[in-house]
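Q: Sending over a structure as structure tokens; questions will come in a sec.
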């Protein structure tokens with residue numbers, strides 16, 4: 001969801017780079033599926049296996065594998081992003097500053113969006129249908145990649161005006177049934193969770209200096225942290241209270257570090273054109289991950305809402321297999337052009353993610369509702385998938401008009 005996608009490439013001779021199409025495509029497919037499953041709230045009479053599984057239930061539905069796939073993909077992108085920064089001459093400190101800037105951007109966006117879930121319209125003076133498009137528009141104004149032809153003064157006015165609006169919105173915000181809640185981080189929102197996982201994984205990637213053992217140790221550490229957390233074995237030190245739950249929980253960072261490790265292996269074998277060997281390694285790794293999921297499930301269950309180790313391992317396996325298949329189609333067999341239609345969802349993923357907030361706001365403010373037949377069963381699923389594709393097409397149109405988010 002971050003704009004890491006703009007930096008995904010494989011270093012070859014000198015300072016030239018080669019695009020790895022499969023990562024963009026996998027990200028695009030995942031983003032489309034995320035919008036698709038997020039629209040299920042509007043549907044009735046669809047198969048239960050497609051929906052999220054309720055908290056406390058041992059099991060997962062199709063919807064429960066999308067978010068972890070995105071975290072894994074963030075990890076796949078990281079080694080390429082760091083390498084490209086180094087090719088541009090950036091030092092580790094400069095790259096860390098860049099990572100911190102992105103993390104803050106994701107946390108800010110995540111917190112503003114998650115506060116919209118509990119907004120008290122009467123106490124705040126703003127309904128949720130207005131809150132979401134307002135904050136999303138501010139995000140776009142702040143993080144848009146403005147063209148060089150636009151007046152720099154106008155650009156600054158747009159950015160700082162948007163920042164001021166966000167500050168005012170945070171100040172006037174009231175949430176809860178009685179308006180007792182103030183603006184706060186809550187659970188950070190989806191973008192915030194990605195931000196924390198991205199931060200720790202990026203720091204490990206930067207300071208590993210491409211050492212596979214360090215990356216593997218980082219992945220093992222967060223997997224172990226996930227297990228210790230679920231087993232209530234984490235130390236009760238006071239400092240632990242100041243570590244974000246996303247980090248000390250281990251699971252989400254473990255998903256991202258799994259992507260980092262897979263990317264490191266991927267880069268090594270792709271440079272040697274050893275596609276089959278790479279495939280065998282990824283298949284073997286996926287089998288090991290499934291076994292780890294099976295072994296840990298009896299203890300803590302398989303659940304997204306519980307962020308269990310079994311969920312971490314199984315979803316990592318699913319994403320690794322999906323990546324391998326797409327790599328063969330897009331990069332080995334040169335079939336990337338088949339995915340041109342959905343490309344914007346992979347190259348400007350953050351903008352694509354924000355589009356539904358605008359559309360849902362229009363629905364709410366105008367009172368628009370789909371006919372009952374389009375909210376039921378397979379026709380409803382077709383409607384939700386069409387909605388996801390509409391978001392991609394809108395993103396394409398916005399990109400063509402010069403609106404591209406870069407954080």
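Heads up, the Cβ atoms here are built off N, Cα and C, so glycines get one too.
Copied straight from TrEMBL:
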{"type": "DOMAIN", "residues": "19-225", "note": "domain 'DUF5009'"}
{"type": "TRANSMEM", "residues": "25-43", "note": "transmembrane segment"}
{"type": "TRANSMEM", "residues": "65-83", "note": "transmembrane segment"}
{"type": "TRANSMEM", "residues": "95-114", "note": "transmembrane segment"}
{"type": "TRANSMEM", "residues": "126-144", "note": "transmembrane segment"}
{"type": "TRANSMEM", "residues": "156-173", "note": "transmembrane segment"}
{"type": "TRANSMEM", "residues": "185-205", "note": "transmembrane segment"}
{"type": "TRANSMEM", "residues": "212-229", "note": "transmembrane segment"}
{"type": "TRANSMEM", "residues": "249-266", "note": "transmembrane segment"}
{"type": "TRANSMEM", "residues": "278-299", "note": "transmembrane segment"}
{"type": "TRANSMEM", "residues": "311-330", "note": "transmembrane segment"}
{"type": "TRANSMEM", "residues": "350-366", "note": "transmembrane segment"}
{"type": "TRANSMEM", "residues": "378-398", "note": "transmembrane segment"}
Q: Please give the sequence-distant neighbours of the transmembrane segment (126-144): residues at least 6 beyond its ends with Cβ less than 8 Å from one of its Cβ atoms.
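A: Result: 105, 109, 112-113, 116-117, 119, 158-159, 161-163, 165-166, 169, 172, 350-351, 354, 357-358, 360-361, 364-365, 403-407.
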Q: Going along the chain, which residues at least six beyond the ends of the transmembrane segment (156-173) come within the CB cut-off of under 8 Å?
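A: For the transmembrane segment (156-173), the far contacts come to 108, 112, 115, 119, 124-126, 131, 134-135, 137-139, 141-142, 182-183.
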Q: Determine which residues of the chain contact the transmembrane segment (25-43) at the Cβ level, with the cut-off under 8 Å and only residues 6 or more beyond its ends counted.
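A: Residues packing against the transmembrane segment (25-43) from afar: 1, 5, 50-52, 62-63, 66-67, 69-70, 73, 76-77, 319, 322-323, 326, 330, 336, 339, 342-347, 349, 352-353, 355-356, 370, 375-376, 380-381, 383-385, 387-389, 391-392.
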Q: Could you tell me whether the transmembrane segment (378-398) and the transmembrane segment (311-330) are in contact, taking contact to mean 3+ Cβ pairs under 8 Å with a sequence separation of 6 or more?
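A: No, the transmembrane segment (311-330) and the transmembrane segment (378-398) are not in contact.
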Q: So if I exclude everything within five residues of the ends of the transmembrane segment (249-266), which remaining residues of that chain have a CB under 8 angstroms from its CBs? That is, six or more out.
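A: That would be 68, 71-80, 193, 196-198, 200-201, 204-205, 210, 212, 215-216, 218-219, 221-229, 278, 281-282, 285, 307-309, 311-312, 315-316, 319-320, 323, 327.
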Q: Against which stretches of its own chain does the transmembrane segment (378-398) lie, if we need a Cβ under 8 Å and a gap of at least six residues from its ends?
A: 28, 32-33, 35-36, 39-40, 42-46, 50, 341-345, 348, 351-352, 355-356, 359, 370, 404
Q: Do any residues, 6 or more residues outside the transmembrane segment (350-366), come within under 8 Å Cβ-to-Cβ of it, and if so which ones?
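A: That would be 1-3, 31, 34-35, 38-39, 113, 127-130, 132-133, 136, 139-140, 143, 191, 344, 387, 390-392, 394-395, 398-399, 403-405, 407.
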